[in-house]
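*Asks:* What Swiss-Prot shows for this protein is this:
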{"type": "ACT_SITE", "residues": "His64", "note": "active site, proton acceptor"}
{"type": "BINDING", "residues": "Asp65, Val68, Gly70, Asp72, Ser74", "note": "Ca(2+) 1 binding site"}
{"type": "BINDING", "residues": "His191", "note": "heme b binding site"}
{"type": "BINDING", "residues": "Thr192, Asp236, Thr239, Lys242, Asp244", "note": "Ca(2+) 2 binding site"}
{"type": "DISULFID", "residues": "Cys33-Cys113", "note": "disulfide bond"}
{"type": "DISULFID", "residues": "Cys66-Cys71", "note": "disulfide bond"}
{"type": "DISULFID", "residues": "Cys119-Cys312", "note": "disulfide bond"}
{"type": "DISULFID", "residues": "Cys198-Cys223", "note": "disulfide bond"}
{"type": "CARBOHYD", "residues": "Asn82", "note": "N-linked glycosylation site"}
{"type": "CARBOHYD", "residues": "Asn166", "note": "N-linked glycosylation site"}
{"type": "SIGNAL", "residues": "1-22", "note": "signal peptide"}
{"type": "SITE", "residues": "Arg60", "note": "site 'Transition state stabilizer'"}
Amino acid sequence: MALPISKVDFLIFMCLIGLGSAQLSSNFYATKCPNALSTIKSAVNSAVAKEARMGASLLRLHFHDCFVQGCDASVLLDDTSNFTGEKTAGPNANSIRGFEVIDTIKSQVESLCPGVVSCADILAVAARDSVVALGGASWNVLLGRRDSTTASLSSANSDLPAPFFNLSGLISAFSNKGFTTKELVTLSGAHTIGQAQCTAFRTRIYNESNIDPTYAKSLQANCPSVGGDTNLSPFDVTTPNKFDNAYYINLRNKKGLLHSDQQLFNGVSTDSQVTAYSNNAATFNTDFGNAMIKMGNLSPLTGTSGQIRTNCRKTN
């Protein structure tokens, strides 16, 4: 008996939307480049050992890549006389970093397996390995992404959430990429590591009331009302170089660094999820890994789409 046409259409639709992620596999390089993952891990561990902040920087690179036209390494492309990349976008300029580490990794895997391992996959694996290097839990990275030949400055300016966003803006930015409000709270936990520049939180520490006064004053010492724009302060004041659930504990104590951080715990719908994670690190770790897998599945180029760049900074 034939299915009603509506059900047939639905089944076809479900097959199509699953096609992209179905082509990604955790063992994609098992035979093509068996030492790729260990090479990436070693390079990340070395970079993070030299500078703990680099772990957060590599994690952020993957996020800023995936939120702009999918996980395709477009964020790594340099501007040229006839090509405009995403590095000069407002959320990226003088902010995202770690490109040299990615260059090093790419050079190493190219020497092992020329033209096999994509820059997009390097970003995904480096993000996971950075979290692990700083004490966080691991997750199963799906692989097989290819690299874009295009970038979108306009999308980088419009799609990435800003530090001054209210909760509604954050929910919208993440919803536009298919994430639930819970997953917004989960992925925001990446701010348990890393640092932000004074310009990102100056307004908060001088003008907002939902901030611990002692915490605000300590930040003001390093972030004057005028000047010191690039001075850095850690997102997590308690364990800045450890990937844990302290970010959520800090939010409950009104010690969120950015306006957008504290928006997650401010007498709003997300308060309960922040509280849950502050009380259960294991749940946070599990949810974070699952959310990262989902993020890594944002519009990947697979099969014959895109290319495998030889140099992550430019197209072949």
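Counting starts with 1 at the first residue shown.
Even glycines carry a Cβ here, placed using N, Cα and C.
Let's see these features in context: how buried, what's close, how far.
*Replies:* The Cβ of His64 (active site, proton acceptor) lies under 8 Å from the Cβ of Val75, Glu86, Pro91, Asn92, Ile96, Ala156, Leu160, each of these being in the same chain and 6 or more residues away along the sequence. The secondary structure of His64 (active site, proton acceptor), as reduced to three states from DSSP, is helical.
With a cut-off of 8 Å between CB atoms and residues at least 6 apart in sequence, the same chain places Asp65, Ala120, Arg145, Arg146, Asp147, Ser148, Ser299, Pro300, Leu301, Gly306 near Asp72 (Ca(2+) 1 binding site), listed in sequence order. Asp72 (Ca(2+) 1 binding site) carries neither a helix nor a strand DSSP state and counts as coil.
Cβ neighbours of His191 (heme b binding site) (same chain, under 8 Å, six or more residues apart in sequence): Phe235, Asp236, Tyr247, Leu257, Leu258, Asp261.
Note on Asp244 (Ca(2+) 2 binding site): other Cβ atoms within 10 Å of its Cβ, all shown chains, come to 19.
In this view, Cys33 (disulfide bond) is surrounded by 17 other Cβ atoms within 10 Å of its Cβ, with every protein chain counted. DSSP classifies Cys33 (disulfide bond) as coil under the three-state reduction.
Here the Cβ of Cys71 (disulfide bond) has 27 other Cβ atoms within 10 Å, regardless of which shown protein chain they belong to.
For Cys312 (disulfide bond), applying a Cβ distance below 8 Å and a minimum sequence separation of six or more within one chain yields Ala73, Leu76, Phe99, Ile102, Asp103, Lys106, Cys119, Ile122, Asp147. DSSP gives Cys312 (disulfide bond) a coil state; it is part of no helix or strand.
Of all the Cβ atoms in the protein chains shown, 24 others lie within 10 Å of the Cβ of Cys223 (disulfide bond). For the recorded site, Cys223 (disulfide bond), the DSSP three-state label reads coil.
Cβ environment of Asn82 (N-linked glycosylation site): no same-chain residue six or more positions apart lies under 8 Å away.
Neighbour count (other Cβ atoms within 10 Å of the Cβ, all protein chains): 13 for Asn166 (N-linked glycosylation site).
Around Arg60 (site 'Transition state stabilizer'), the same-chain residues at least 6 positions away in sequence with a Cβ under 8 Å from its Cβ are Ile96, Gly98, Ala190, Gly194.
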*Asks:* Return the residues near Gly70 (Ca(2+) 1 binding site), defined as same-chain residues 6+ apart in sequence whose C-beta is under 8 angstroms from its C-beta, sorted by sequence, else 'none'.
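*Replies:* When sequence neighbours closer than 6 are ignored, Gly70 (Ca(2+) 1 binding site) has Ser148, Leu298, Ser299, Pro300, Leu301 within Cβ distance under 8 Å.
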*Asks:* Who sits close to Thr239 (Ca(2+) 2 binding site): which same-chain residues at least 6 apart have their Cβ under 8 Å from its Cβ?
*Replies:* Thr192, Ala246
*Asks:* Give me the Cα-Cα distance between Cys198 (disulfide bond) and Lys242 (Ca(2+) 2 binding site), rounded to a whole Å.
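*Replies:* Rounded to a whole number, the Cα-Cα distance is 22 Å.
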*Asks:* Once the chains shown are all counted, how many other Cβ atoms turn up within 10 Å of the Cβ of Cys119 (disulfide bond)?
*Replies:* 30
*Asks:* Round to the nearest Å and give the CA-to-CA distance linking Cys33 (disulfide bond) with Cys71 (disulfide bond).
*Replies:* 21
*Asks:* Anything within 10 Å of Ser74 (Ca(2+) 1 binding site)? Look among the recorded positions Cys66, Cys113, Asn166, Lys242, comparing CA atoms, and list what you find.
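*Replies:* Checking Cα-Cα distances against Ser74 (Ca(2+) 1 binding site), the recorded positions within 10 Å turn out to be Cys66.
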*Asks:* Using the Cβ center of Asp65, Val68, Gly70, Asp72, Ser74 as the Ca(2+) 1 site position, which other residues in that chain lie within 8 Å, going by their Cβ?
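*Replies:* Surrounding the site, in chain order, are Cys66, Phe67, Gln69, Cys71, Ala73, Val75, Ala120, Ser148, Ala151, Ser299.
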